[in-house]
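Student: Relevant sequence annotations retrieved from TrEMBL are reproduced here:
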type: DOMAIN; residues: 43-293; note: domain 'G-protein coupled receptors family 1 profile'
type: TRANSMEM; residues: 28-53; note: transmembrane segment
type: TRANSMEM; residues: 62-84; note: transmembrane segment
type: TRANSMEM; residues: 104-122; note: transmembrane segment
type: TRANSMEM; residues: 142-164; note: transmembrane segment
type: TRANSMEM; residues: 204-229; note: transmembrane segment
type: TRANSMEM; residues: 241-263; note: transmembrane segment
type: TRANSMEM; residues: 275-295; note: transmembrane segment
Amino acid sequence: MDKMLLNHTFITEFLLLGVTDIQELNPILFVMVLAMYFINVFGNGAIMMIVILDSRLYSPMYFFLGNLACLDICFSTVTVPKMLENFFSTSKAISFLGCITQLHFFHFLGCTDALLLTVMAFDRFVAICRPLHYPSIMNRQVCIQVAATIWAIPFLHALVHSILTSQLNFCGSNRIHHFFCDVKPLLELACGNTELNRWLLNTLAGTIGIGLFFLTFLSYFYIVTYLFLKTHSCSMLHKALSTCASHFMVVMIFYAPVLFIYINPDSGSSLEKDRIIAVMYTVVTPALNPLIYALRNKEVRCALNRKLRILI
């Protein structure tokens, strides 16, 4: 109890320094980030709407796509509104509790995203490589149970990071060189022993990230190999590869910046690069996902056109 009181006595709020120290860029960045956020919310919102309302899309693939769309909106909302506010704010302050809460939901939703992409890859693997067993393996009950699991496990994973970070002593500077609260920049401000926190961040987060990426990559590799060896119909091959290509494109856009940050060794000099790369997976990637699926997936395009015709 005394330790917790000391934590809150020393620092009651943090200052988020933002994406860049060049103030002249803030208006331009504000417009760009706001535009991407609107694309994210309206694009993913449209995908959620058609997945729920269009009975032709009642399948496991679109059930998980709807989950991904919801997740993308939530993931960006954890960081982007505060980021937009701080472009023109003079204080840039966030409370200690608000900072830990943001950290928790960032890791919770980020880990959920990685798990969901792995499950979507497995779903495509079963659908293409084991089509006769697909209805029994990926039935409605299994899909709901899997969805509940991939939302529940990351919550506990993030809880470990948020609890351990909240127990640290922050008795020096309260200036966070980032546009949101994350474990890595907060560890730079801690004045106590952070070995356990760094081990969890680098080992646990790194292992989960690499493990899930490997499983996802393995699923798509097996799918492509199977298609070229077993499929003799050009139309079936093109359709399957087109679906997998959009999925794998989303996977690569998500994992490239994440793996760079969380596998890269901790250092103060890397924090500048981390801020720029973090914009990719918090702002850009969630906005690109609906564009990729809408442009590359024929069923999604047709469903959107049907709904637009009804509205018009």
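All residue numbers here begin at 1 and follow the chain in the order shown.
Every residue, even glycine, has its Cβ placed from backbone N, Cα and C.
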Student: Please report, as numbers and ranges, the same-chain residues at least 6 past the borders of the transmembrane segment (275-295) whose CB is under 8 Å from any CB of it.
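Tutor: Result: 19-20, 33, 36-37, 39-40, 43-44, 46-47, 65, 68-69, 72-73, 75-76, 78-80, 83, 110, 177-180, 182, 246, 249-250, 253-254, 256-258, 260-261, 301, 304.
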Student: Give the one range among 62-84, 104-122, 142-164 whose Cβ atoms make the most pairs under 8 Å with those of the transmembrane segment (204-229).
Tutor: 104-122
Student: Where else in the chain does the transmembrane segment (28-53) make close Cβ contacts, counting only residues six or more beyond its ends and a cut-off under 8 Å?
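Tutor: Distant Cβ neighbours of the transmembrane segment (28-53) are 19-20, 62-63, 65-66, 69-70, 72-73, 76, 80, 83-84, 87-88, 279, 283-284, 286-287, 289-291, 293-294, 300, 303-304, 307.
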Student: Any residues 6+ beyond the ends of the transmembrane segment (62-84) with a Cβ under 8 Å from its own?
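Tutor: Same-chain contacts beyond the flanks: 16, 18-19, 30, 33-34, 37, 40-41, 44-45, 47-48, 51-52, 94, 102, 105-106, 109-110, 112-113, 116-117, 119-120, 123, 143, 147, 179-180, 250, 282-283, 285-287, 289-290, 293, 299-300.
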